[in-house]
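Notes for the one structure printed next.
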There are 2 protein chains.
Amino acid sequence: MESPAGRTPAPGALPYYVAFSQLLGLTVVAVTGAWLGAYRGGIAWESALQFNVHPLCMIIGLVFLQGDALLVYRVFRNEAKRTTKILHGLLHVLAFVIALVGLVAVFDYHRKKGIADLYSLHSWCGILVFVLFLAQWLVGLGFFLFPGASFSLRSRYRPQHVFFGAAIFLLSVGTALLGLKEALLFQLGTKYSAFESEGVLANVLGLLLVAFGAVVLYILTRADWKRPLQAEEQALSMDFKTLTEGDSPSSQ
Amino acid sequence: MESPAGRTPAPGALPYYVAFSQLLGLTVVAVTGAWLGAYRGGIAWESALQFNVHPLCMIIGLVFLQGDALLVYRVFRNEAKRTTKILHGLLHVLAFVIALVGLVAVFDYHRKKGIADLYSLHSWCGILVFVLFLAQWLVGLGFFLFPGASFSLRSRYRPQHVFFGAAIFLLSVGTALLGLKEALLFQLGTKYSAFESEGVLANVLGLLLVAFGAVVLYILTRADWKRPLQAEEQALSMDFKTLTEGDSPSSQ
């Protein structure tokens with residue numbers, strides 16, 4: 001399979017799993033839109049519909065785009081590492097900006113309606129996601145994109161960055177599930193237990209969110225699907241190995 | 001660090017992380033008990049308090065014990081593989097039996113009160129956890145404890161078993177969060193937004209659940225904390241390598 005001097009072909013099943021993850025992710029976004037359109041009156045900034053901006057932006061930013069940002073090292077296997085890193089960082093910026101719009105929407109809606117902020121488990125988890133996301137992005141930028149950090153420092157930080165990236169993504173999916181549940185119980189109340197169509201649709205959306213999270217995690221954790229070292233990175237890694245007589249770091 | 005002929009010492013920080021995970025897990029169980037005792041009237045089988053059996057059993061079985069069952073390969077690093085496997089399987093049996101009591105409690109409570117079953121996202125996720133848990137246990141038993149499966153078949157199935165084990169555990173934690181949220185919104189309603197003490201305690205419980213899930217996942221995924229091969233397993237692995245000229249499987 002491996003040919004250090006040229007392009008490494010993607011493992012056989014990887015493209016199908018990536019395609020499936022994209023199908024799931026786009027379905028999640030579409031079903032969220034359909035739910036808000038069919039049962040919640042759609043979306044607008046200057047009205048009571050402002051609340052609906054919140055779930056849509058969070059699903060697009062912190063679930064779909066964040067998930068895709070984690071997959072770039074599996075999808076763009078043969079691009080230069082630096083190009084892939086920049087794409088990874090930029091997708092996170094896009095995810096963050098969209099999520100910020102969603103965050104402003106819900107605080108603004110609460111302010112106009114006189115509803116208390118940050119009392120629920122959903123909101124506590126959401127703030128935790130935001131703080132961790134921002135910290136992870138800044139630390140990642142410092143270690144991997146600025147030239148200051150040494151090769152050995154990067155190698156030691158990389159596994160932590162990967163773990164926290166996956167954990168923040170999973171917490172985002174969990175927080176979305178809590179928010180969905182909250183929106184259902186506030187709106188439907190006891191009608192939820194009568195299998196109202198909105199409740200069933202939202203439950204299906206919840207399972208789709210779980211499935212998207214699971215497939216992204218599966219692609220990320222398959223050891224044989226990790227990005228192979230490119231020829232020039234292998235040379236660098238070998239030089240480093242010779243210098244330190246330690247182990248070469250695994251690729252991200 | 002490694003000494004194939006003798007005992008491999010545990011990596012320096014691992015015992016502290018394991019101790020922290022146990023502290024978190026026991027705190028989660030204690031806070032669940034305190035919440036049910038202080039705000040929900042405690043626990044009994046033959047009364048309206050039967051419902052309270054459900055959250056307590058699920059937290060003990062599918063969160064705390066399931067989490068600990070995943071950690072046995074990190075904690076008992078120098079025991080024979082077979083002993084560790086049996087402990088892993090038995091902890092899952094214990095977790096399943098306790099969770100089954102919790103499941104019967106909620107269905108029985110619903111039946112007595114005339115409440116519909118399985119309408120909520122929490123219940124859908126819960127049933128999914130149960131089905132996956134049982135399937136994973138049976139397939140794991142067939143592959144790893146019965147002597148029928150070949151060494152190469154086990155090696156190929158092992159990464160799938162590890163992934164699904166972690167995914168089912170995380171889904172269990174997520175389902176517990178959904179259930180907690182449901183119990184809060186049913187009981188507190190709009191009082192939740194007034195920062196009632198029960199709501200704050202339950203939010204703290206939610207964050208503790210997230211922290212327990214994260215620490216268990218961290219211990220499981222640290223590459224250098226995986227269980228080292230014992231001397232006799234290394235010999236077997238080498239024999240297999242010679243026979244097949246393939247890669248030796250990584251330890252679980």
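Just so it is clear, glycine is given a Cβ too, placed from its N, Cα and C backbone atoms.
Positions annotated as N-acetylmethionine by Swiss-Prot: B:Met1.
The feature topological domain 'Cytoplasmic' is assigned by Swiss-Prot to B:1-17 (among others).
Per Swiss-Prot, the feature transmembrane segment maps to B:18-38 (among others); the stated evidence is sequence analysis.
Annotation comment: Swiss-Prot describes B:20-221 as domain 'Cytochrome b561'.
If you look up Swiss-Prot, you'll see B:39-52 (among others) marked as topological domain 'Vesicular', on the strength of similarity to another entry. Through the fold, the topological domain 'Vesicular' (B:39-52) approaches residues 105-106, 108-109, 112-113, 187, 198, 201 of its own chain, all at least 6 residues removed from its boundaries and within a Cβ separation under 8 Å.
Among the features that Swiss-Prot reports, transmembrane segment is placed at B:53-73 (among others).
The secondary structure of B:Asp117 (heme b 1 binding site), as reduced to three states from DSSP, is coil rather than helix or strand. Residues or ranges marked as heme b 1 binding site by Swiss-Prot on the basis of similarity to another entry: B:His54, B:Asp117, B:Leu118, B:Tyr119, B:Ser120, B:His122, B:Glu182.
Following the DSSP three-state reduction, the secondary structure of B:Lys81 (heme b 2 binding site) is helix. Taken from Swiss-Prot, the feature heme b 2 binding site covers B:Arg74, B:Lys81, B:His88, B:His161, B:Lys226.
What Swiss-Prot lists as topological domain 'Cytoplasmic' is B:74-85 (among others).
Sequence-distant contacts of the transmembrane segment (B:86-106) (same chain, at least 6 residues past either end, Cβ-Cβ under 8 Å): 45, 50-51, 53-58, 60-62, 65-66, 68-69, 72-73, 76, 126, 130, 133-134, 137, 140-141, 145. Swiss-Prot lists B:86-106 (among others) with the feature transmembrane segment, giving sequence analysis as the kind of evidence.
Taken from Swiss-Prot, the feature topological domain 'Vesicular' applies to B:107-125 (among others), supported by similarity to another entry.
Note on the transmembrane segment (B:126-146): residues 58, 62, 66, 85-86, 89, 92-93, 96, 99, 103, 118, 153-154, 157, 161, 164-165, 167-168, 171-172, 175, 179 of its chain, located 6 or more positions outside it, place their CB under 8 angstroms from a CB of the stretch. Feature annotation from Swiss-Prot assigns transmembrane segment to B:126-146 (among others); the stated evidence is sequence analysis.
Summarising the annotation, Swiss-Prot assigns topological domain 'Cytoplasmic' to B:147-159 (among others) and lists similarity to another entry as the type of evidence.
What Swiss-Prot lists as transmembrane segment is B:160-180 (among others). Among residues of the same chain six or more beyond the transmembrane segment (B:160-180), those with a C-beta under 8 A of the stretch's C-beta atoms are 54-55, 58-59, 62-63, 66-67, 70, 120-122, 125-126, 128-129, 132-133, 136, 139-140, 143-144, 202, 205-206, 209-210, 212-213, 216-217, 220-221, 252.
What Swiss-Prot records for B:181-199 (among others) is topological domain 'Vesicular'. For the topological domain 'Vesicular' (B:181-199), the model gives a mean pLDDT of 93.
Per Swiss-Prot, the feature transmembrane segment maps to B:200-220 (among others); the stated evidence is sequence analysis.
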What number of additional C-beta atoms lies within 10 angstroms of the C-beta atom of B:His54 (heme b 1 binding site)? 25
What subset of the binding-site residues B:His88, B:His122, B:His161 has a Cβ sitting under 8 Å from a Cβ of chain A? B:His122
Composition by DSSP (helix, strand, coil) of residues within the topological domain 'Vesicular' (B:181-199): 17 helix, 0 strand, 2 coil
DSSP helix/strand/coil residue counts for the topological domain 'Cytoplasmic' (B:147-159): 9 helix, 0 strand, 4 coil
Measuring CA to CA, name the entry from the binding-site residues B:His54, B:Asp117, B:Ser120, B:Glu182 that ends up nearest B:His88 (heme b 2 binding site). B:His54
Report, as numbers and ranges, which residues of the same chain sit near the topological domain 'Vesicular' (B:181-199): CB under 8 Å and 6 or more residues beyond its ends. 35, 38-40, 55, 120, 122, 206
B:Ser120 (heme b 1 binding site) versus B:Lys226 (heme b 2 binding site) - Cα distance in angstrom: 38
Would you kindly list the residues that approach the topological domain 'Vesicular' (B:107-125) from elsewhere in its chain, counting only those six or more residues past its ends and only Cβ-Cβ distances under 8 Å? 48, 50-51, 54, 171, 174-175, 178-179, 181-182
